[in-house]
2 protein chains.
Amino acid sequence: MANTTPIFIAVIGVGGVGKCFLSQLQDLTIRRPSPKLTLCYIATSRKALYNDDYSAINVDGAINALANSSKTPPSLPDLVTYLTMSPGKAIIVDNTSSQDVADAYPTALKAGVSVVTPNKKAFSGSYKLWQDIFQAAAASGAKVYHESSVGAGLPVISTLKDLVETGDEITKIEGVFSGTMSFLFNSFAPVSGGGGKWSSEVKKAKELGYTEPDPRDDLNGLDVARKLTILARLAGLPVESPTSFPVESLIPKELESCSSGDEFLEKLPLFDHQMDEKKASVGNKVLRFVGSIDVATQSVKVGLQSFEPSHPIAALKGSDNIISFYTKRYGSNALIVQGAGAGGDVTAMGVTADLIKIIAQIA
Amino acid sequence: MANTTPIFIAVIGVGGVGKCFLSQLQDLTIRRPSPKLTLCYIATSRKALYNDDYSAINVDGAINALANSSKTPPSLPDLVTYLTMSPGKAIIVDNTSSQDVADAYPTALKAGVSVVTPNKKAFSGSYKLWQDIFQAAAASGAKVYHESSVGAGLPVISTLKDLVETGDEITKIEGVFSGTMSFLFNSFAPVSGGGGKWSSEVKKAKELGYTEPDPRDDLNGLDVARKLTILARLAGLPVESPTSFPVESLIPKELESCSSGDEFLEKLPLFDHQMDEKKASVGNKVLRFVGSIDVATQSVKVGLQSFEPSHPIAALKGSDNIISFYTKRYGSNALIVQGAGAGGDVTAMGVTADLIKIIAQIA
């Protein structure tokens, strides 16, 4: 029985993840010709490319065609209207990190348009938005998948959902959720001892492209706090926002008012002693930047913790993430998922895998 | 949009996994009343319980009712006929390890009846059966899910499928795939040095219920070979059978002809020196029983290998499994999944999670 419902795909965002996703989508349409997938819309925040008759945009070359398009993007409600009138089912793939796009998910879902995204904003913003999203999806039957919002393509969200949906009780979730923080601490405080100066490691991480353009956006801990918010909510805790629990920032107080990331990086060496002191204070253990969720005490926190060198969190390499799920069924030995938690290809992989899962349900 | 297609579930096998599954199914029907799930058939190899009008069997108490039933199981083709005539969609949940039941999957799938199972036999038997199963499913649109056939409820099959379906290239899969072997080597050759006598550890493992009734069924490596066969096929290698590649048996040649597991256990201490020699031969490394698949060279093998103490495979605890996926996208740092790979509850969890995924697609 071949699936026959045509599926129309609207892609928003063609940055690092968006480009990798388009390449995977092209590959997918070749390897899985059924059901018929049609890329009918592609846009950045300033330009859009689409045809009024929903005829297909060639995935190969879509980015160039978009650059040459003279159309500006319609409002998000207008995009939803356009998609609901398509002669099939529609899916929005949001490859941005935009709060505005995230805020439109309930409108899309209510109208029966499914959503796939690595964008953390919708799921880690206000608890009201979270509720609106899942209530809209439940009411219309549209799907919303966001594997890559935590740990990129690693099976984190799907594993947590399987545990919860099959009736296991999550007791604790703990891990390293930031590739940037992983790289920084694996270099600054390696298990083997030694390690570089903190400010040098931050500079190196920026040069290697492991940080945001302004490294303070990694060091303030908010990215990890957003991921913890998502996991805590999936585990059943009604966390109000990523600023409603303790988050330790690694930005020295004195540098909070720097006017630019460059100024920050220039002055950071003056405060290396602060990180050296923290490193020395843990003795034979090693310092790591982790997030944890204790379900029984409803406590969520993000910050520095020390680990025995034999602990899996201490043994992490490169910019890998590690996520440990402690549950009633799994007992004292956690279910652990580990691997690259950032990068265009692996993030896009989570998006594409989600897309395939939605198609299997709606086609 | 509530799903409205009624789903009829036929459960075969009520052993350790089957009992845990029924408990999770009961929980599921309470927490997710829609779509309507009806347990319409339950059987062991000798007894069956079902109503000609497909009326529901109460999940709570089903095992007792089955014990009191005077019906014998119909043939598997007759069961499939019964299910195809149900007023809805049907799913067989095979909680046995029976080859006979496995051989009937193509018939069920061809008739549009989906299959969920932790039973390795169907996917690790002849390559012909593997092809028949997936061709039947593709033709009818029925689904076949078997997460718990490798690593119990750990996200192993689903992760591998996501990698492959999104177009990643698997280069290598490596890991500890047997809870029994994991326990034995973590005790016999711990990273910290020392460790008990091999024969004592085998006895202890049997007493703790970590081995099959006859421990030779674990020590011959066939269980691991079956799991490797499944993963290799999913990675694209047309492995003919679990005996078509090198599998190292830990049964001393001299004991291959023992008439019983008890006789084997009694005589095993006479051969402890063999394992001691193997352990001594790896120096500062530690011995582990692993399976590996090298996709480029199409090489699959199962047996002893030595690992640096800092290697994740060496650091495993208790009876945990660890599975490392090396792929083009993930580069030199593998995507790793780790945790309990055996036990009724976690095995049933994989079955229940699969069932939920099938329901989402067919309801």
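Cβ atoms are placed via backbone N, Cα and C, with glycine included.
Automated prediction, rather than curation, is the source of TrEMBL annotations.
Residues annotated as active site, proton donor in TrEMBL: B:Lys227. Close to B:Lys227 (active site, proton donor) in the fold, though at least 6 residues off in sequence, lie B:Lys120, B:Ser124, B:Ser149, B:Val150, B:Gly151, B:Phe177, B:Ser178, B:Gly291, each with a CB less than 8 Å from its CB.
Of all the Cβ atoms in the protein chains shown, 15 others lie within 10 Å of the Cβ of B:Gly16 (NADP(+) binding site). Taken from TrEMBL, the feature NADP(+) binding site covers B:Gly13, B:Val14, B:Gly15, B:Gly16, B:Val17, B:Gly18.
The NADPH binding site annotation in TrEMBL covers B:Thr96, B:Lys120. B:Thr96 (NADPH binding site): 22 other CB atoms within 10 A of its CB, across all protein chains.
TrEMBL lists B:Glu212 with the feature L-homoserine binding site. In the three-state DSSP reading, B:Glu212 (L-homoserine binding site) counts as coil. Within 10 Å of the C-beta atom of B:Glu212 (L-homoserine binding site) sit 14 other C-beta atoms, taking all shown protein chains into account.
Here TrEMBL flags B:13-147 as domain 'Aspartate/homoserine dehydrogenase NAD-binding'.
Per TrEMBL, domain 'Homoserine dehydrogenase catalytic' is recorded for B:155-356.
Note: the CA-CA distance between B:Gly16 (NADP(+) binding site) and B:Glu212 (L-homoserine binding site) rounds to 13 Å.
Candidate binding-site residues: B:Gly13, B:Gly15, B:Gly18. Fewest other C-beta atoms within 10 angstroms, B:Gly15. Secondary structure counts, DSSP: the domain 'Aspartate/homoserine dehydrogenase NAD-binding' (B:13-147) has 61 helix, 22 strand, 52 coil. Compute the center of the Cβ atoms of B:Gly13, B:Val14, B:Gly15, B:Gly16, B:Val17, B:Gly18, which mark the site for NADP(+); besides them, the chain residues with Cβ within 8 Å of that center are B:Lys19, B:Cys20, B:Phe21, B:Asn95, B:Thr96, B:Gly344. Summarised as a single figure, the pLDDT of the domain 'Aspartate/homoserine dehydrogenase NAD-binding' (B:13-147) averages 96. The distance from the Cα of B:Thr96 (NADPH binding site) to the Cα of B:Val17 (NADP(+) binding site) comes to 8 Å. B:Glu212 (L-homoserine binding site) and B:Gly13 (NADP(+) binding site) are 17 Å apart (CA-CA, integer value).
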